[in-house]
Each structure stands twice: as C-alpha cells, then as structure tokens.
Amino acid sequence: MKAVRNLLIYIFSTYLLVMFGFNAAQDFWCSTLVKGVIYGSYSVSEMFPKNFTNCTWTLENPDPTKYSIYLKFSKKDLSCSNFSLLAYQFDHFSHEKIKDLLRKNHSIMQLCSSKNAFVFLQYDKNFIQIRRVFPTDFPGLQKKVEEDQKSFFEFLVLNKVSPSQFGCHVLCTWLESCLKSENGRTESCGIMYTKCTCPQHLGEWGIDDQSLVLLNNVVLPLNEQTEGCLTQELQTTQVCNLTREAKRPPKEEFGMMGDHTIKSQRPRSVHEKRVPQEQADAAKFMAQTGESGVEEWSQWSACSVTCGQGSQVRTRTCVSPYGTHCSGPLRESRVCNNTALCPVHGVWEEWSPWSLCSFTCGRGQRTRTRSCTPPQYGGRPCEGPETHHKPCNIALCPVDGQWQEWSSWSHCSVTCSNGTQQRSRQCTAAAHGGSECRGPWAESRECYNPECTANGQWNQWGHWSGCSKSCDGGWERRMRTCQGAAVTGQQCEGTGEEVRRCSEQRCPAPYEICPEDYLISMVWKRTPAGDLAFNQCPLNATGTTSRRCSLSLHGVASWEQPSFARCISNEYRHLQHSIKEHLAKGQRMLAGDGMSQVTKTLLDLTQRKNFYAGDLLVSVEILRNVTDTFKRASYIPASDGVQNFFQIVSNLLDEENKEKWEDAQQIYPGSIELMQVIEDFIHIVGMGMMDFQNSYLMTGNVVASIQKLPAASVLTDINFPMKGRKGMVDWARNSEDRVVIPKSIFTPVSSKELDESSVFVLGAVLYKNLDLILPTLRNYTVVNSKVIVVTIRPEPKTTDSFLEIELAHLANGTLNPYCVLWDDSKSNESLGTWSTQGCKTVLTDASHTKCLCDRLSTFAILAQQPREIVMESSGTPSVTLIVGSGLSCLALITLAVVYAALWRYIRSERSIILINFCLSIISSNILILVGQTQTHNKSICTTTTAFLHFFFLASFCWVLTEAWQSYMAVTGKIRTRLIRKRFLCLGWGLPALVVATSVGFTRTKGYGTDHYCWLSLEGGLLYAFVGPAAAVVLVNMVIGILVFNKLVSRDGILDKKLKHRAGQMSEPHSGLTLKCAKCGVVSTTALSATTASNAMASLWSSCVVLPLLALTWMSAVLAMTDKRSILFQILFAVFDSLQGFVIVMVHCILRREVQDAFRCRLRNCQDPINADSSSSFPNGHAQIMTDFEKDVDIACRSVLHKDIGPCRAATITGTLSRISLNDDEEEKGTNPEGLSYSTLPGNVISKVIIQQPTGLHMPMSMNELSNPCLKKENTELRRTVYLCTDDNLRGADMDIVHPQERMMESDYIVMPRSSVSTQPSMKEESKMNIGMETLPHERLLHYKVNPEFNMNPPVMDQFNMNLDQHLAPQEHMQNLPFEPRTAVKNFMASELDDNVGLSRSETGSTISMSSLERRKSRYSDLDFEKVMHTRKRHMELFQELNQKFQTLDRFRDIPNTSSMENPAPNKNPWDTFKPPSEYQHYTTINVLDTEAKDTLELRPAEWEKCLNLPLDVQEGDFQTEV
C-alpha cells in the first residue's frame, strides 16, 4: 500500500506541474554521482532526465595521484540546440567551491560550442562534472529529442605511469573512429597521451571488431571482474572481463550500433516521470538476459536513502554445470526516486576577511562576518555567531586635554547690590602630543542683591597667588578690598584674605631621583622615582621610547632599561604600509607572488636580529595580513612560501628575543596573536593539499605537521612529533614531549554522517621557546613545559575520545604541576587565558606530567614557582661573616704580635714575607665587612670593591713570593737588595697593576652593584680576579715542584759544594756543630740542612695555605654576591677561620726558629756586656745556643776577660768564600790571587800558602815556607787551612800563590786577634816557641794537605796538649789535633806514641772537657742558616765551603836552627814521608825564621781548651769562625 500511495502522489504532482505551468520545471534540480567505474558510455538523454533544467553529472577519480580520466563526447548536430553542456573539474565536492568556479568562468569547457564531431578531454583532479544549462528564455517542458540519444559520452580511467592494454585499446579505438569520421583530418583528433602506441591495424590487439563495437554504450564497474583492466600486466588473481556479459540485445530506442545495443546502468533523476517505462525496461532486461545456466534476478533491494536520490541493487548467480561461462553481469544497480525531500541544513560560508581597524590610532576593533545558507526542507539553521570581533592596536593616539565638569557657582561677591558669581573647571593633562584644552577655565555672571546701605562692601576676590612650594605642601592666597564705608556706616564683614594649601605631594629625596643619563645616543633628564621619561626613537625608527625611574630594594632610585615597544624600524614600517595599501584597494591578485615577496622580505629582516621590540608586534601584524590575504584570494601558497612563513616565526620566537617580547607585551599580547595566526595559516595550507598528503616543517624553534586525511583512512592513532623522521632538528628529536591523537576523533558516530566534509586537515605544532614569551601569570605560576598545539578543521564533533599528552618539565624545584589548555572564550578581549577545564592531570613526577584532554587546543604545564627569599638590607653584615672574619683576623694579629716580640731573633726574608701576607688577609676581611654595609653608597662601595680586589690578589701574590724565596734559597742564588725589592714588587706591585688596568679600562663600571660591593658578575669583569689568581696558583705549583725536586735529588744541585754536602745529609749526626754565640763559632754543614728545612717548611706552607686561601676567597665571593644562601656564608666563616689557624700553626707554633727564639726569650739569652747583640750575627739573627754551645762560649769568655766585640769583627773577617756583597758596593782591589781585601769587613785579611812537609819529624823553616815551587801533581788534590797571621807577610803570600791554586776548595780556621794571651818566658828564651806576638796577627796560614795522608781516628779519643813543654830539635814539634774525615786526606803525620804519653798533669792550663764530651754526640750535626750582617743591610744565604779541615790545638816551642838545618840529603823530606795509617798524626810546623829566635810561650787559653777535644766525628763538614 505504501508503494501505491507514493505512486499516486507522484502522478498527482506531475499532473499539477503539467497543468499549471511549464516554467516551474526550471526550478527543479537533479544530480548524479558516478564512482567506482573504470569505463562507461552514456547518452545525453540518459545522463540528464528530460525537462530538468538544473542537472549535473559528476564522475569521481579513484586516485588522482595514479589515474587520469579521459572523456570523449560524440556530438550530433541537433543535440545542443536547446541547451549547453559545461565540463569542468575540481578537487573538493563543495557547493561553494563550484559556485565560485562557475562565477569566475575559469577552466570551463563549452562542449556544444565545438565545431568538431568529437571532443576529447583529459582531467587529473578528484571530480569531473558536466552540467546542462538552458537559456534564460527556455519555454519549459519539451519533447525528448532523438539526437540527444545519439550524442553520448565515453570516459576512461587510465593509469598515468603504466597504462593497461585495455585502456590503450580504448584510446586507439577513439582515435580510429575520429579519423574515419573526420576523413583523415588529424587536427581535430588530438588525444595527448604518449604512453600508448596504437597499431596500424586494430586487429593486432587480438580483439575482434565486434568487441570494439561493444565498447560503446557500456559501463565497466571496478570489481573483481574488471580489476585487471587498470594494470599493464595481469596478475594471477586478476581478470579483465570485457565481455559479452555486458552485451544487450538491440533496442531501437537506444540506437543500433552493430549487431547489439548496449545500455549503461545510468543513475536517474528523482523527478523523472518514466516510472512505468523503467519497470518495463527492467522486465525486458531480465527476459533478454535469462540464458541457460543463469538464475533469475533477485528482488531489488530497498532504496539506500529514505529521502532524496538513492540506489537499489539486485544480484543473480550463475549455474553452469557444463563448465561454460555465463554471459551478462551478476550484479545490477539502479537509481531509486524517493518523493521525500531531504532536509538541507544551514551551512556557514567562509569568514570574510578582517576589516580594517575601527580607529587609526589607539585601541580599535576589527570585525569579520559570515553568511549562512538558509536551511531547506526542515533543516537546522546555522549555529554560532555571525560576526567576530577582536581588538587591534596600531599606534598610540594623541590624547587632548579634556575639560571636566563645571564647578558650582560661587556665592555672590557682595551681599548687597549687584555682584558677580564665578565657577571654574579643570583640564585633564594632554598626553602623547595632544593639544591642551581650549576655551576659558572660569566663567562669571552677575548676581542681584538688595540695595546696599551706607556700609562698606567687598570687592571681588583677586587671583590666587602662586604656591609657595612645589612639593611637601605650600600655601597660596588671594586678597579683596572693602569699599564704600561711610562715616556712619559699618565696615565690611569678614576677612579680606583667604589662604589654602597647595602642592601637598612629598618631595623626592636626592637619592629618589634618577640623575641625568646618556644612553643609546639619547639624553635622559632627571626624573623622580616612579615616573616615565620619554624620548624620540633612534634615527632608524619612528615612534617614542620610554624609560622608567624605579626604586631599588634599598630605596635608591635607578634607571631601568629603555622600552622600545613603541619604536618601529623604517623598513618594517614601509613593509606594513605597503600591505595596508593593497588591502585597502582590494587587490586579490596580490595574493600570489605579492604575498610571497612580502614573506621573503620579512624573512630577511628578521634574520638580521637588530630589530626593536615594536618590530615584533609589526611582524605579527604583517603575518596576520598575509594570512588573511591568502584566505580571501583562495590562494594556496607554494612550499617555499610556507617554509619562509615558519622560518619567520622561528626567528621571532628565538630565545635572544625574550627581553624584547617582555617589553612588547606590555602594550599588546603579541605572542597570543601569533599563535592564532599560525593556526589559521596551517589550515589554509592544508585546504590546498591533496588527500593523504602531509607536510612536515622543521625550524630552529618550531616543528609543525600538516596533514590532510579522509576520515575513513585514519586507521591508527597519530603521534606527534615523529622522532625518527629524516631531517628532524636535534631539540625536537631529543624532546620527551608527545601527543597522541586517537583515531576515533575522526570517525563519526554513525555512517550516515559521512559526507563531503569527511576530509580533515590536521595541524600540530611544537614550540621550543613559546613558554618564555607568554604573558606573565600571577601567584608565581610559570609555564614549565614546551607548548604544543593540536588543531583540526573542520572541527570534529564531540566524542568521548581523549588526547593523551605527555610533557617534560623545563625547570626543577617547581611545585604542584598541572595540565592546562588555552581557552579564548574566557577573556574579555577575545585573547583567551589558561584554563584547566577540559584537561585533567593523570600522572606527574619530578620530570614529566601526563594529561588527558577532551578538546583540541594549545596545551602546556603550569607549576608554582618557589618564592624568592628577599633579604632586606639591614645595614650591618651577617653574624656569620663577622664571626669568620673576626676569628681569622684575631689569629693573624696574634701571629703579628708574636713576631714583633721575637723580631730581633727571627728577622729574615721569610718573616717579612709572612707579615705582608698577613696584612693582606686582615685588610681583606675588614673590607668584606665594610662592603656589606655600604651597598647604598655608590662611591664608597666602588672604592671598597677596588681595594678588596687589590688585597685579594695581593694575598695570592705573597704566597707566590714565599715560593720564589724558597727556590732561590735552595738553588743558592745570591739575593741582593735589588732581589728583595723585587719581592715587594711581586707582592704589592703586581696586584696594583692589575687593579689599575681593570679600573682604567672599565672606568669603575662593574666595581660594585646595587646588591653587593664586589666585581659585577656580568660583562666578564670577574676574570680580572680569577685570571691572575689562577695564574699565580699555576706558577706556584711549578715552583713547588722545582723546590721539591732540588731537595730530594742530589744531582739537582748544580753547585759542587752544595752537591757535596747534599751527599752528607743522609747522616743527620755526621758532624759536630760548634757555635760560640759571642765569638761566632758556626758549622759549615748547618747551612745546607737549615736551608733545606726552611725550604721544606715554605713548600709545605704553600701546599696547605694556597688551596685554603683559594677556597676562602671563592666562598667569600659567593657569600657576598648571593646573600640569600646562608650556606656560602657558613663556608666562608669556616674556611676563613681555618685559614688563620693554619697560618699560625705553620708559621708560629710549628716553626723551629720561633720555638728557639721563644725559649731564648724565656731564658734571657743576651750578651751581658753588649745588649745589642744582633749586630754580632749574620743577617741579624740572634744565635740560639744549646748547652754545649754555652759551655764553649763560657770557656771563651772566661779567658778573654774582655768585650767580645773585636771577636765579632774577626768572625766577620773570616768569611772568605763567595760572600754576598752589598749591592751598592762593587768588588774592587782584587789581588792576583783573586781575593778582595778591601771589600771585606775590617779589611784585615790576607793569606799565605804554606806547603805541607812530607815527613812529620822533619823541621820546617821559613825558607821552606817561602818556597814557591810547588809540584802540580801534589797540589791538585790538596786542601787548605787558614790561620790568622800578620799583614807583614802579605807579600810572601802573593809570591807563593798560583792562579790554579786559587780555585781550590778550602777549609778555614779563623783565629781571633785578641783571644790568646802570649807572654815571653824568661827562662826559656832560647827555646823556639810560637808566640802570638812573633806569629803575625790577622793572617791566614794556608796549609796544603796531602791527599794520601791518613789518620787513625780511634787513636785521638783522648788527647791533651801542653804548651809549656820544651820541644826537641826534631822529636818535639808543634802538634795539631785533627779530626778524621773520609772525604779529605789528613795532612799531619808523626809518631803517635811520642804524643800519646802527654798527660793532663804535664800541662797545668789544660782544661778537662768531660762535660762537653758527654754531650758531644748530641751537638755533632746541628744545621743552621749562615747569614752575615754587613754595615748597610743583612747579607743573604752564605755559601759554605766543601772541604774537610782540622783545627790547630796549640802551638809549641820551635826547635833550634841547627836541628832544622839537617834535612835528608838530596831529597825533599816532605816527598819521602809515608805515614802509617794506624797512627794518629801530628804536624810540626816551623813557622819562624832561624834569625827570629825570640822565645815565646804560648799560654793555653779557655777557648783553646774548648777546642782541645778528642772529637770523634764522622763524615761531615763544618767551619769554625772565632
């Protein structure tokens, strides 16, 4: 019944249409869409139903990237008489696009206007549409013309790269038929295709002529039967069945072509009136295809749609028991017409371009609109707003002064008669170059009162006077006078003066006013804190620049950086004006090359990096205009233009522009506008792309992905960004941010929603630095991740799908991270703000946060930033700094006091260096505390910083000076006054030079800031301290290594004598040290040991103090520059206190010299005769005597019974080996022996070389002493011993000495001039004794020692000498006690038995030294630093001699001349002497001539008894000075 009802309704509506007008049929429309077909043939009457004026026929290309559609139109003469056929192609099946295409009349082919019978067309886009158009005067319904059935269309889908054999055969058939019909005219048969080669005869294809005819009026659907017809070679599973199953029996209505007539299964219009005819055709079709083996057709299926034009399908099966194939199709479809019209919903058209700003200056508004296609047949209207507004800001408008409201009228000026009333108004201040208010500021009018009596009347008030002060409250006044008072009348009531306050604002203090400044070629005038100062922009820009004067935390006014947000460069301004002019003229054609050129120019400008903050806003405005122009012109930018666009965005978002963005966004939030521009541009690019096409854009700061996806093709979730993509930038490849877009977001809920809009443009953008330039949020909330954007057009309908977003944190230490998205509907200015609505935080840890969001937007992570601890300046340093600096200073001051008390004992270069070092540290600590309280005073802070810089460097340099001094001491370098001056230059001069250079170059800029009094951490000024300090540490390490190498390596000592002694240092008690504190008795082995000890102490001091010093000053710098951290202050206090304690321990408590000096101080070790004993010792050192040394000293003084002063001179006199002279005295008066006498202190020394006798029992005369003929072979290995003699033998010395003998190493004995008392003995005048009066004073007897001479040390354990014993002619000899040395051959030989018998009773003056013997081993090897004290300054390290020597014990009587004149004949007695090694040897020296026979007696003295010791010593060197 329902079908009958629909049929009756259809017939009735057709009847009404025929009866009441034909013209109404012109409003009917129909459309046909053919897809999934590779070949077809349709007649015009089949394609367009009769009497339908607005019909289209559309063919869809399966894949435009692979296939092309070839169209052939066979035209008859009368087929196009009543209408026109238009053919065109397009990519998107959109009514708006088609209307726009028809309106432009671009690329539309008029098929009926062709003069040829055949028209060939080729198309490569998604859709081909043929439209039948009737003229405007079309009369209405017409009969069907037979020519319409003869004119038909053929189309072919052909592979572009490898065409199939079937396709080429069809093309060649078209060409063959065209050539036949045109009688060989080839110009009208042009088919532009080169992949196919047509044979000369069609039979070569292997297809008969009958099959060629079957290609007309047939449709081949794309199914399993025809799948192989699209490929060049058939696969095993493919067939190309062109067949007789599509053949149809001849039918006159459809035209006869050969033996058969083939009819395509065409779609029909919903308004076609031939329903019965269709049913008849179907019946005939079923009958004529009912061959044996083929079952009957099934019933037609239900119509695919409930409204509008749909389709019906029926099928049949083939039963062929004999193995034959069935002919004809097995599936058939037809168009079903449903009378119910489908509702057409209202559709928004595209947004119109943004209008120009509503105002040319100031805050304006831009508007865009869109229109809605009205709904039909009950469709829904359009949803959403019709207009859209957004703010715009081009430039600041000049603000003119505006009058405020008038005040109320004042009281009448008089109380009687006519007076006046006044009122005034205020004018607001003009800004940005605006004009002042125009017009009067006051008005007056008359007022009428009763007539006055004879009393006085007030005149009008005068004007207010100027304010007495400009600030801090002043006063202004006005006056009036009283007139008209009669004699009997009354005076005016009231007062004639009125006063009021003015200028009540507080005057700024001098430190609250920013001084005049010159910056960036602009002069900034004095401005109170809180105000803005304005200036013109630089010459290359237009606009105004501003600079704010603000107060610091300490209440001091200071200039901020200038703001260039209103400055626009001339190049940017010119580019902006050129675009606005084109937009105003409406030149759409500029969208092509014009906009591309604009982006290239803007790219060049942004790559220069020298733009202002205002240029950023102009660049965003230019990009907005370019995007709007592309949208308006429907222009698709080229790939180069797209890349340039995103490169411009990357340049604008560079991290270097962070400060410029912060400055620019104080006027307008350009970063938010930039995000919106990028989204719009992405969709413009995406709409111009083909399906399944994607574009990946990668720059230094932006990664973007643009994809065009049909909804049905999205089978998996989409991930962004793609880490493994080729060419991915490093920061995006290493990024841990990602977003997962679910596939369900593209899939509609039901298949009924699939329409032409089911193709989506997906855009995703990852910004690297956008979080840095977004507007600052309140409540210490910051963007703590990269910003990622996901956008899809058209927007998908709301689903239950969630976007999975995972973002990595940028900063550690933030609190409460949470997910947000950008919501532009919550802001009053249409710019938007961050919102948590629609986004929830799923999982968060210390480095990542995972979110689930139900909408598309811009996503990020917000977190709470910990609040900074602001430490207010209290005007006093912290307690920690005070404690640390105080303890360090206390320790160093204690050290200085100790050194001052013991200075006479420990004065040396090392002590002077230490005092200077302590002074630099104490000064640094004091300046650190001062700098903490003077940050508000710039001049004092700058001065404090400069001195702090100086003393910090000085402390490092004095450590280096100590290392240098140790190195020179170890290597034995001579240190003169010039060298000591270099110590001062290194310790104080080098830091002063560095600081002066730094201050000169920087002009004190950076010396002190608003927060601390130290070198600024910006600009590299800190390297003025770090660089020299690091260099000092490096050099100190090198010197330390060299010193250590010298101390541990004997081969490292170049000096022969030092090297020899270095070999003896392995035995610490190898020698005996004799120190007579007042007579200058010292040991030669003491120098090397003491020098090494001091060097090791200095080396250990450098290794400990220098790292501690570096740690202390490093923590001091951190404590001064970062007051918020208490850790650095604690570290400084610990290191600084430890530094002072270590210095006191190393240089005071553990230093041996200080210990000895302190003991001596407690024992009052001072000369009782001369309190000032410092001049008696080398280099001002007070010799600290041990018990043994005191015994020697007491013995010496008990005999002398007088001042030891002369002995001191003799002590100095005895230093003859390479002493250090004054630097202001040059060596002069050098004798032929190479020894300078005039320069020695006292000028009393000369020497005589006395040859050693070969035999011990042979007497020695003065003639033998004066014999200069010395054998070279005997002198090469000899050693020397010096004895004080008189000056009258100086000539003899000169004759004896030879040049080669002067260079020999020598040992010395210095005899004092006044230390021995000599008296002649009247009883023994005939006896020849050596007396000090006959023996020349102040002379040195130089003895040559035979290297072969040896002594037996055990024999001399006990030996006493008697000066009263008479000497025999040859047996009794002058005996000398010798000490055995392994390094030196002893030079005395005699029969030990003759002298061993000497007893202590024979010599009354012999003193037993048993107490000294008991302590002999204790003081056998005491090392000391030998220094000399000259008449102008202290001498430096004294280089000792490297020779073994023995001390003369006493002199005896000299044998007579007769005994001495009997030498061995023909032989030198010295040459024949062969001493036995088992005896202790003595040498008898005949000093005087035979003519000098004065009998002298050499009395034993106390000091001689000190020396008369059986010294049992081992290998070692020592030198005794008396």
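Cβ coordinates are placed from backbone N, Cα and C, and glycine is handled just like the others.
The feature disulfide bond is assigned by Swiss-Prot to CYS303-CYS336 (among others). Cβ-based neighbour count (10 Å, all protein chains) for CYS303 (disulfide bond) stands at 16.
DSSP assigns CYS392 (disulfide bond) to a strand. Its Cβ placed at the centre, CYS392 (disulfide bond) has 21 other Cβ atoms within 10 Å. Summarising the annotation, Swiss-Prot assigns disulfide bond to CYS357-CYS392 (among others).
Per Swiss-Prot, disulfide bond is recorded for CYS361-CYS397 (among others). All protein chains included, CYS361 (disulfide bond) registers 13 other Cβ atoms within 10 Å of its own Cβ.
Cβ neighbours of CYS382 (disulfide bond) (same chain, under 8 Å, six or more residues apart in sequence): GLY346, VAL347, TRP348, CYS372, THR373. In the three-state DSSP scheme, CYS382 (disulfide bond) falls into the coil class. Positions annotated as disulfide bond by Swiss-Prot, on the basis of sequence analysis: CYS372-CYS382 (among others).
Residues or ranges marked as disulfide bond by Swiss-Prot on the basis of sequence analysis: CYS416-CYS452 (among others). Under DSSP, CYS416 (disulfide bond) is assigned to coil, being neither helix nor strand in the three-state scheme.
For CYS467-CYS502 (among others), the entry in Swiss-Prot reads disulfide bond. CYS502 (disulfide bond) carries a strand DSSP state (E or B).
The number of other CB atoms found within 10 A of the CB of CYS471 (disulfide bond), across every protein chain shown, is 13. Mapped onto three states, the DSSP output places CYS471 (disulfide bond) in coil. Look at Swiss-Prot and you will find CYS471-CYS507 (among others) tagged as disulfide bond, backed by sequence analysis.
Annotated disulfide bond per Swiss-Prot: CYS482-CYS492 (among others), in sequence order. In the three-state DSSP assignment, the secondary structure recorded for CYS492 (disulfide bond) is coil. Counting Cβ atoms from all protein chains shown, CYS492 (disulfide bond) has 20 others lying within 10 Å of its own Cβ.
CYS514 (disulfide bond) falls within a strand segment according to DSSP. The Cβ of CYS514 (disulfide bond) has 25 neighbouring Cβ atoms from other residues within 10 Å, across all protein chains displayed. Summarising the annotation, Swiss-Prot assigns disulfide bond to CYS514-CYS549 (among others) and lists sequence analysis as the type of evidence.
Per Swiss-Prot, the feature disulfide bond maps to CYS537-CYS567 (among others). According to DSSP, CYS537 (disulfide bond) sits in a coil region rather than a helix or strand.
In the three-state DSSP scheme, CYS851 (disulfide bond) is classed as strand. Note: CYS851 (disulfide bond) has non-local neighbours GLU804, ILE805, GLU806, LEU807, CYS819, CYS839, LYS840, THR841, VAL842, PHE859, ILE861, i.e. same-chain residues 6+ apart with C-beta under 8 A of its own C-beta. Feature annotation from Swiss-Prot assigns disulfide bond to CYS819-CYS851 (among others); the stated evidence is sequence analysis.
Taken from Swiss-Prot, the feature disulfide bond covers CYS839-CYS853 (among others). According to DSSP, CYS839 (disulfide bond) sits within a strand segment. Every protein chain shown contributes to the tally, and the Cβ of CYS839 (disulfide bond) ends up with 23 other Cβ atoms within 10 Å.
Helix first, then strand, then coil: DSSP counts for the domain 'CUB' (30-159) stand at 19 helix, 57 strand, 54 coil. The feature domain 'CUB' is assigned by Swiss-Prot to 30-159.
According to Swiss-Prot, the domain 'TSP type-1 3' annotation covers 400-453, on the basis of sequence analysis. Note on the domain 'TSP type-1 3' (400-453): its mean pLDDT in the predicted model is 83.
According to Swiss-Prot, the domain 'TSP type-1 4' annotation covers 455-508, on the basis of sequence analysis.
The feature region 'GPS' is assigned by Swiss-Prot to 819-869.
Considering only the disulfide-bonded residues CYS303, CYS336, CYS537, CYS549, CYS567, CYS357 (disulfide bond) has CYS567 as its nearest partner by CA-CA distance. Proximity of the transmembrane segment (881-901) to the transmembrane segment (982-1002) is not established, fewer than 3 Cβ-Cβ distances being under 8 Å for residue pairs spaced 6 or more apart. Counted as Cβ pairs under 8 Å, contacts with the transmembrane segment (911-931) are highest for 940-960 among 940-960, 982-1002, 1099-1119, 1126-1146. Counting only the Cα atoms, the space from CYS336 (disulfide bond) to CYS567 (disulfide bond) is about 69 angstrom. Look at CYS819 (disulfide bond): DSSP puts it in a strand. Sequence-distant neighbours of CYS853 (disulfide bond): residues of the same chain at least 6 apart with a C-beta under 8 Å from its C-beta are PHE802, LEU803, ILE805, CYS819, LEU821, GLY838, CYS839, LYS840, PHE859.
DSSP places the residues of the domain 'TSP type-1 3' (400-453) in helix, strand and coil in these numbers: 0 helix, 17 strand, 37 coil. If you look at the transmembrane segment (1126-1146), the same-chain residues 6 or more away from its ends with a CB under 8 A from one of its CBs are 878, 880-881, 883-885, 887-892, 894-895, 917-918, 921, 925, 1097, 1100-1101, 1104-1105, 1108-1109, 1111-1112, 1115-1116, 1118-1119. Distance noted between the C-alpha atoms of CYS537 (disulfide bond) and CYS514 (disulfide bond) is 20 Å. Rounded to a whole value, the Cα-Cα separation of CYS467 (disulfide bond) and CYS514 (disulfide bond) is 25 Å.
Note on proximity: among CYS502, CYS514, CYS549, the disulfide-bonded residues of the record, the Cα nearest CYS303 (disulfide bond) is that of CYS549. Counting every protein chain shown, the Cβ of CYS567 (disulfide bond) has 24 other Cβ atoms within 10 Å.
For the disulfide-bonded residues CYS361, CYS392, CYS397, CYS471, CYS549, CYS567, a Cα to Cα distance of within 10 angstroms from CYS502 (disulfide bond) holds for CYS471.
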